[in-house]
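S.K.: The structure is given below, and queries will be raised subsequently.
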Amino acid sequence: MNYLFKNGRYLNEEGTIVATDLLVQDGKIAKIAKNISAENAEVIDVNGKLIAPGLVDVHVHLREPGGEHKETIETGTLAAAKGGFTTICAMPNTRPVPDSKEHMEDLQKRIQEKAHVNVLPYGAITVRQAGSEMTDFETLKELGAFAFTDDGVGVQDASMMLAAMKRAAKLNMAVVAHCEENTLINKGCVHEGKFSEKHGLNGIPSVCESVHIARDILLAEAADCHYHVCHVSTKGSVRVIRDAKRAGIKVTAEVTPHHLVLCEDDIPSVDPNFKMNPPLRGREDQEALIEGLLDGTIDIIATDHAPHTAEEKAQGIERAPFGITGFETAFPLLYTNLVKKGIITLEQLIQFLTEKPADTFGLETGRLKEGRAADITILDLEQEEKIDPTTFLSKGKNTPFAGWKCQGWPVMTLVGGKIVWQKESALV
């Protein structure tokens, strides 16, 4: 099916939002201009809505294989489509781990059969993510590994991490890291700060993250490797990454919507839906993350979509698993709490969720360009509604944002020119 989107707006190559029509033919963007006419195309009047590149999320947990009670490739990618994401990068903490030819081939087969959006799988750095035996990077790359990570745990052995970085550098691939020094975790379930002290809980100190990042940055410099830091959460981490960039080290970083929007002061009670890793930090950490995003220290926004069952989250804050679901709330949360409040511009938000993650990892997506695959999201910036987990397409309903009133919602998502999700009556 060919589509002609009329009376829209889009972010042009100069970084300005302007009026446009957009023609999709044979799965690709055929033309971007005003007053397009075309035969054999279904005309869709978007009535001033924003025609955006499909959003790109480089940090997601789809749980399949092994955790299908939490999420599946099918439900997770439907949730991604509803959230406006057309390309997502799946972390390897599944069972089995994509750490071998057999396991990666099985994962790719599942993706091909079940995914509603583009899914790029990470390859594990170590076998079973156990930290002791390196995987075959060359084979995993040949089978489509997006990059290498043991996300969910930090690689504790410095010699292992250095060897992994050297091997990845030879393959022109990135090493992506969840940064925690295990000896400093302290069996924590929240940030070591006011909230942990008030409720008598073990806390995870900020230095647990920043010291691991500092180590890895020096290793990356020695290996001349592209090193990407997952879900940065502390002021100290931002400072370390900023200094590394100034020194010319090839480091990039991401931050989550929840760390930009919340801090420990916003946790209302010992609610496990506010339990994530890294935890919500102090107010000054939150402010440093926003500053780092604005000055280029932090490159992109990624959701760290981490679905769990209601039963798992009901175990209490100390026993419940870390993580919150993120696909279906990311854009409206960020638009409402950052753009509408004047903290960042709409143009910046679109870039942090599209072209910047694509550029960081060399992906040919993230921009609306003639001739490229028609991965597109239509956004209604005027629409306002409350976040309701019962409407999530994800199996995971675990969110701290239930009941939040947000503005700016995806209403249609196309992948390769095919409509994979549409809000009922959104464009009527």
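Using N, Cα and C of the backbone, Cβ positions are placed for all residues, glycine too.
Just so it is clear, the model here is predicted, and its values are computed rather than measured.
Reproduced below are the annotations present in Swiss-Prot:
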- HIS59, HIS61, ASP151, ASP304: Zn(2+) 1 binding site (BINDING)
- HIS61, LEU62, ARG63, ASN93, ASN277, HIS308, PHE322, GLY323: substrate binding site (BINDING)
- ASP151, HIS178, HIS231: Zn(2+) 2 binding site (BINDING)
- ASP304: active site (ACT_SITE)
S.K.: Rank the binding-site residues HIS61, LEU62, ASN277 by how many other Cβ atoms lie within 10 Å of each Cβ and give me the one with the fewest.
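M.R.: Checked HIS61, LEU62, ASN277; of these binding-site residues, fewest Cβ neighbours within 10 Å: ASN277.
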S.K.: Taking the centroid of the Cβ atoms of HIS59, HIS61, ASP151, ASP304 as the Zn(2+) 1 site, which other residues of that chain lie with their Cβ within 8 Å of it, listed in sequence order?
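M.R.: Here the nearby residues are VAL60, MET91, GLY152, HIS178, CYS230, HIS231, ALA302, THR303, HIS305, ALA306.
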S.K.: Would you mind reading off the Cα separation of HIS231 (Zn(2+) 2 binding site) from ASP304 (Zn(2+) 1 binding site), to the nearest angstrom?
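M.R.: Approximately 8 Å lies between the Cα of HIS231 (Zn(2+) 2 binding site) and that of ASP304 (Zn(2+) 1 binding site).
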S.K.: Out of HIS59, HIS61, ASP151, HIS178, the binding-site residues in the record, which is closest to HIS308 (substrate binding site) when you go by Cα distance?
M.R.: HIS61
S.K.: Checking the contact step here: among the binding-site residues ASN93, ASP151, PHE322, which have a Cα within 10 Å of the Cα of HIS178 (Zn(2+) 2 binding site)?
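M.R.: Final answer, ordered: ASP151.
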S.K.: Within 10 angstroms of the C-beta of ASP304 (Zn(2+) 1 binding site), what count of other C-beta atoms is obtained when all protein chains are considered?
M.R.: 28
S.K.: Taking the Cβ of PHE322 (substrate binding site) as the centre, how many other Cβ atoms fall within a 10 Å radius?
M.R.: 15
S.K.: Who sits close to ARG63 (substrate binding site): which same-chain residues at least 6 apart have their Cβ under 8 Å from its Cβ?
M.R.: LYS70, GLU71, THR72, GLY76, THR94, PRO307
S.K.: For ASP151 (Zn(2+) 1 binding site), what residues in its own chain, 6 or more apart in sequence, show a Cβ-Cβ distance under 8 Å?
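M.R.: The answer is HIS59, MET91, PRO92, ASN93, TYR122, VAL176, ALA177, HIS178, CYS230.
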S.K.: Taking the centroid of the Cβ atoms of ASP151, HIS178, HIS231 as the Zn(2+) 2 site, which other residues of that chain lie with their Cβ within 8 Å of it, listed in sequence order?
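M.R.: The answer, listed by sequence position, is HIS59, MET91, THR149, GLY152, VAL176, ALA177, CYS179, CYS230, ASN277, ASP304.
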